[in-house]
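Visitor: Take this structure first; my questions come after.
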Amino acid sequence: QCVLTGQWTNELGSNMTIRAVNGKGDFAGSYHTAVTATTNKIQVSPLQGSHHRMNQKGQPTFGLTVSWSFSDSVTVFTGQCFVDETGKEVLRTMWLLRSHVDNIKDDWKATR
């Protein structure tokens, strides 16, 4: 069974901590990225998320939002927690990052 609470590290060295998940599937935590496109000093940033109730296989889908403490941007992640063939818990996610732009004409370049 895959449990989202705890500490997670990705292949780039970023660290995410998910605290307790409540009965509705909501959770909070923090994200410390190892990479950034800004020149600002990286800071630990808060996250909020929700996971779908466990399916019979115990591999929940989830979504979370990170509001970056060191830049004018927000990233949303969606994914699923898996247990691989060795019994290791693995998160597979996709993300979108929205950066601040000064006007609607620049909207095209605000989302990665």
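Using the three backbone atoms N, Cα and C, a Cβ is placed for every residue, glycine included.
Annotations per TrEMBL:
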- Cys2-Cys81: disulfide bond (DISULFID)
Visitor: Validating a neighbour-count step here. Other CB atoms within 10 A of the CB of Cys81 (disulfide bond): how many?
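Guide: Taking all protein chains shown, Cys81 (disulfide bond) has 21 Cβ neighbours within 10 Å.
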Visitor: Cβ-Cβ under 8 Å from Cys2 (disulfide bond), same chain, 6 or more residues apart: which ones?
Guide: Gly58, Gln59, Pro60, Cys81, Phe82, Val83, Glu89
